[in-house]
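Features as listed in TrEMBL:
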TRANSMEM  B:7-27  transmembrane segment
TRANSMEM  B:39-59  transmembrane segment
TRANSMEM  B:66-84  transmembrane segment
TRANSMEM  B:90-112  transmembrane segment
TRANSMEM  B:119-137  transmembrane segment
TRANSMEM  B:157-179  transmembrane segment
TRANSMEM  B:208-232  transmembrane segment
TRANSMEM  B:238-257  transmembrane segment
TRANSMEM  B:264-281  transmembrane segment
TRANSMEM  B:293-314  transmembrane segment
Amino acid sequence: MLSVNRISKSFAQGQVAALQDVSLSLKQGEIRAICGENGAGKSTLVKILMGIQRPDTGTIHVDGRPAEFLSPRDAQDAGFAQVAQELSIVPSLSVLDNIWLGSNRVPVFHRRREFRDKAQAALSRIGAGHIELDALAGDLSIGQCQMIEIARLLVGDARLLILDEPTATLSDTEIANIFAAIRALKAEGRSVIYITHRLGEVFSICDSVTVLRNGRHIVTMPVGDCDREHLIELMLGRSFEDMYRHQPNETFHEAALSVANLSVPGLVHDLSMTLPRGRLVCIAGQVGSGAHHVLRALAGLSIATGEVSVGGTPMRLNSAAVSRAHNIHFISEDRAAEGIFARMRVLDNVVATRLPLLGWFGLISRSRLRNAAKSLLAQVGVDKTRLDSEIGQLSGGNQQKVLFGRAMGQAPGILLMNEPTRGVDVGARADIYQMMRSFCDQGFGLVMTSTDLEEIVGVADIVITLYRGKFVRRYEGAAITMKDILADITHPPDQASPPAMAISGVTAS
Amino acid sequence: MFNRRLLVPYLRPSAVLLAVILILAVIDGSHGRFLSSSIVFSVLQMFATVGPIALGVGMTMIIREFDLSVAGMVGMAGCIAVLTGGDNPWLGLAAAVGTGLCTGLLQGFIIARLKLPSIGVTLGGLLVFLGVSYALTGSRSIQYDDLEVAGLLGQHIFGFFSIPSLIILVIFAVVALIFGMTKLGRDLLAVGGDRRAALSAGIRVDTLLIGTFAFSGALAAMCGALLGYSLASAAPTGLSNVLVPATTAAILGGVSLSGGTGRPLGIALGTLTLSVLQSGLNALGLSSYAHEIFVGLVLLAIAILDGTAFNARLDMLRLALRRS
């Protein structure tokens, strides 16, 4: 139904080629995975298909007829719909209004029973029937908002659905529901383009896969002709060494951080833990388990109660400045809002937290700033020619590396990371894991949260599981297994048992 | 289907209005200065002046923009109406409203297509309108000779109402119906709640932006023209101090400066609250400072109650109390 012919697109007056001569075609009812590292051109391709950007050259044909998309509206009229990585949910509207937002099917007078019923049916179909139609979308979790976006696709008459990492923030049961919905859409004859960094999903849901690398089309093949290792090789363009290097640093013994009775109202209840220096601790929990808020509270960003001491000194909670003074670095799950200064240069971003060290009586020295930034970029592996680029133009992986650079070269402290590899491609992921290890070797205490089980088991020295804001268990070293963690985070603590549903193939493959 | 949650946006504005009426009635005691029919008329007269501006500015606030230019438009529209409506008041009204509509369209077009912040653009508009009114009138107050029109506009209808207050009540009712029943209201709330989300959901954001500024400009112009007629004169200054009351009314009515919340009926309630306060305090013989201090405190309280951080701190306090 769709064919894309020799599309090229470049940015910055032709200096950066995002797509070069990319062609692909899609049949009705086909689920196509598009894989590639960040910067491979996936998001540019999606933006062109959705009418957000226009290609420099090349054509798009829908059902054999040429189509030109000048605005998102044109693409929608052609039957294209998208769930973007950044959700398009309006927080001040109800769930119902969000589901029907922008739909052509809604008449001018839209407060009618049938639209409520259809919206309810769509939610039930993806196992989200418990979400109230009249609830404000702003009161829901990210995972629930994702379900609303998918419900929006279901009520629409879109023929081509583009899903850009739809499972990045979801729990396993939610993912299973969404997969069921995608299969139902396929059965109705709709086509799907599925973009994901979780390669296991390619094999469990997709019919065929297209690999992009550096803006070029590498290969398109049925998933049956391919396995995981081969796919990674195709994406990276080189063979793939083991991403996870698992050697806990045993040289440190003292506690980096001890926490007693930490509570975040409504989200975390009486959490106590002691974490050693030089280890990578992972707090595992589903979306909404409060894991993110444990870290946010320690960083002084969520209002909390409890006793916390850092390296033996008690620390007052509820102030980000106090947490920083105790040498706590925080890397947010929401990079765009709480990480980078998107409109500022890479240079300004990487030194943002250490300006007082780079000046003389409050006057900032430009040359020292520049030299410091250069050496930091070299340490985190970002090309130093990007020093003067706006950081918003870098790929997610490179942005994240710059944020790690802020903690680099400072006295060992605590590094808190919420979902440090969200929106980060395979290649940059390996670099980031390596960076985490080097922080461990310097004597930092590292705490991260993740909803990706494979990642947790791969990188963590210590795992703490949470269920609905309550501590469940602590695992260390060889005792860390995917099965136990999955059981802990999906079941109330007293009845923890292996989950009945065989969903390990989804995230664990 | 009737839905309880549809009432939620009106709860607070209604509560504030009732509280204000109650407080004034209590202060008044048995003197009968506050709850009288002449008060109702003066409340509605003020409602007719502030209402159109509050509705226009409030709608631009709902879509997370702000129309400063109404302050200049009221004065300029008054001058245009008085100057062109000498023979036929309808002609003057049409000229004024037409000017408001066109300049609103132009400002909206600049804001939407050039992606400029509305404060800057409409501040420019405000200054231009002020300057034009000085030029039109030669910096003097100009008289409107058709005193019959002024008399007609000041007449009591059904006891409490007048032509201007009836007009604005009808406008509020129509706008509230359109806003509540059609897609338009939802789309405006979406544009204010999350512009990017609205755009990627396929809403015609630019059209809505331009339309809202045109609406705001036209309402401000209508208000200015009616004011000019009923005072039988227009002056370049004097009429421009409507922006602060209008914004206050919108906020009292549940419109947030961060966009995406608020309803036309809420704005009407907010305007009514403000009018009741002003007329009531006047009737009670309290000076106008009292009015400003009172409104200021109410606004402050609303701002604090709105904040998420305040609620989070309340939760924490509750938790701590339960522990001890």
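Including glycine, each Cβ sits where the backbone N, Cα and C put it.
A TrEMBL annotation is a machine prediction, not a hand-curated record.
Counting Cβ pairs under 8 Å to the transmembrane segment (B:208-232), the top-ranked stretch among B:7-27, B:66-84, B:90-112, B:238-257, B:264-281 is B:90-112. When Cβ-Cβ distances under 8 Å to the transmembrane segment (B:157-179) are tallied for each of B:90-112, B:238-257, B:264-281, the top count falls to B:264-281. Same-chain neighbours of the transmembrane segment (B:264-281): 9-10, 13-14, 16-17, 20-21, 24, 28, 34, 39, 42-44, 46-47, 50-51, 54-55, 58-59, 172, 175-176, 179-180, 245, 248-255, 288, 290-291, 294-295, counting only residues six or more beyond its ends whose CB sits under 8 Å from a CB of the stretch. As a quick check, the transmembrane segment (B:39-59) and the transmembrane segment (B:238-257) clear the bar of 3 or more Cβ pairs under 8 A, pairs 6 or more apart, so the two touch.
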